[in-house]
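What follows is one structure encoded as structure tokens, with my remarks underneath.
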Amino acid sequence: MKLEMEKLIAHLKSQGFVFQGSEIYGGLANSWDYGPLGAELKSKLKKMWWDFFVKRNPYNIGLDTSIILNSNVWKASGHLGNFNDPLIDCKECKSRWRADKLIEEKFTDMNVGGWKNEELENFIKEKDIKCPKCGACNFTNIRQFALMFKTNQGVVEDEGSTVYLRPETAQGIFTQYKNSQRALRKKLPFGIGQIGKSFRNEITPGNFIFRTREFEQMELEFFFSPDDTTDWFEYWLEKVQQFLLEKVQLKKDNFILREHDKEELAHYAKRTVDIEFKFPFGTGELWGIAHRSDFDLKQHQEHSGQDLTYLDPATNQKYLANVIEPSVGVERLILAILCQSYKEEQLENGERIVMELPYALAPYSIAIMPLQKQQKEQAFNLFEDLLQEFDATFDETGNIGKRYRRQDAIGTPFCITIDFDTETDQSVTVRNRDTMEQERIKIEDLKDYLNNKLK
Ligand code: ATP
């Protein structure tokens, strides 16, 4: 059964995962806040990425750079001149659209990333693509719309004080590449990872948290010698898939790999593969892996006048490193996880909504419940003890069936119930979210049992 986005959004709101931004003031278009459970899920996902790509990888290190950078960074990177989207206006209802997305939303198996404006305009006319708002096919020509948010730094608002909110975290990495390499005495090959907010004044944000104007990215820039014969692109493409399949536990059938053809490839890129997830509203980019050659370091070397070459201690040669960049949006990955996890199940005694989140990402790993009021104190003591080691919640309201449903709905893998017999047999009932099976476990064995299951 196809998941309806409206249902998912309503569920995530009611359970405290995602709220509309500024809701009490009528909201702010396409902005979303993460509630207590969403914040927990997000933080676990980011930690999972950081662990996998930064801490447990033998080559990599991490970094945390500013959102606002010297504007010359954006000149050098090309963002100031070229970071635009093709904007088209409907002459009838005055609504504004991204021309490439108008086409791709109508012809879902097409990708027009590399097309010129004229080609986009002609295709829209030829295929009689209509304005999604009013149904007319009467558009203006395409204009380029700059995506960077502009603001001013300091007390004087003049051209010299103009700064931009970063549209990607990657450039912060390039600007601190040399400092990081020197300080940590890194030899090529090595990578630098960063997680942080990025901002893009998107023409048509939407599809819930898929495309927003404020979002977070998890980016890795992996630097290597141009003479290195290892296929680092394949290495990172494999690693990303391993992360998706084993850590995030996306099902293989739910995503595809799409290789960019020559037309779509940026002029400096040697190869790009997008991992696209099958969202309920269509297939969309989740993770981009790009071979960026030495483009970024070359640009920054030119514009900054600083030497960004690497002196190879083995050959005594100086060169600019090449770069592979795997880049993913936190919220897009969360959306993929949520879409895959949300299930409505028909049971003998009614129905349940269950979020089959990977154990490691569930906001709570366990919920502790007294069967009746009489066991509350005993249950609370156990809760306090387990809380030191596990992400736990305490739930005492409603009948036990309702409490199980509540925990299913937020994806808690195990419920632990303290009942009449606990006092005498020093055991509790542990219920599994996915199988709904129950087991009687001795309290003294409980931590080992849970550690084992949650591993
Ligand atoms: P799109 O074609 O969807 O606009 P892009 O190719 O511009 O994406 P990149 O610049 O490659 O995206 O950014 C890397 C990653 O950052 C994307 O794969 C996506 O996961 C995430 N991302 C980019 N833009 C947004 C956005 N507006 N909202 C949420 N996530 C985003």
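First residue shown is number 1, and so on along the chain.
Placement of Cβ uses the backbone N, Cα and C atoms for every residue, glycine included.
Features of the protein shown, as given by TrEMBL:
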BINDING   Arg98, Glu168, Phe215, Glu216, Gln217, Met218, Glu219, Glu325, Pro326, Ser327, Val328, Gly329  substrate binding site
DOMAIN    148-363  domain 'Aminoacyl-transfer RNA synthetases class-II family profile'
BINDING   200-202, 210-215, 285-286, 329-332  ATP binding site
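DSSP assigns Val330 (ATP binding site) to a helix in the three-state reduction. The most densely surrounded of the binding-site residues Glu202, Glu219, judged by C-beta neighbours within 10 angstroms, is Glu219.
Largest Cα-Cα distance over the residues recorded as binding substrate, namely Arg98, Glu168, Phe215, Glu216, Gln217, Met218, Glu219, Glu325, Pro326, Ser327, Val328, Gly329, equals 26 Å. Here the Cα atom of Arg98 (substrate binding site) is found 14 Å from that of Arg200 (ATP binding site). Counting only same-chain residues at least 6 apart in sequence, those with a Cβ under 8 Å from the Cβ of Arg332 (ATP binding site) are Ile209, Phe210, Phe215, Phe277, Gly284, Glu285, Leu286.
Each of the binding-site residues Arg98, Arg200, Arg211, Arg213 was scored by the other Cβ atoms within 10 Å of its Cβ; the lowest score goes to Arg213.
Spatially close to Val328 (substrate binding site) yet at least six residues away along the chain are Trp49, Gln217, Met218, Glu219, Val240, Leu286, Trp287, Gly288, judged by Cβ distances under 8 angstroms. Checking the binding-site residues Arg98, Glu202, Glu219, Pro326, Val330 against ligand 1, the ones whose Cβ sits under 6 Å from it are Glu202.
Taken residue by residue with DSSP, Leu286 (ATP binding site) is part of a strand. Residues near Pro326 (substrate binding site) in space but far in sequence (CB under 8 A, at least 6 apart, same chain), listed by position: Phe53, Glu219, Leu220, Phe222, Trp236, Lys239, Val240, Trp287, Gly288, Ile289. DSSP assigns Arg98 (substrate binding site) to a strand in the three-state reduction.
There are 22 other CB atoms within 10 A of the CB of Val330 (ATP binding site), with all protein chains counted. Phe215 (substrate binding site) has a Cβ environment of 19 other Cβ atoms inside 10 Å.
Following the DSSP three-state reduction, the secondary structure of Arg200 (ATP binding site) is coil. In the three-state DSSP classification, Arg213 (ATP binding site) falls within coil. Cβ neighbour density within 10 Å is lowest for Gln217 among the binding-site residues Gln217, Leu286.
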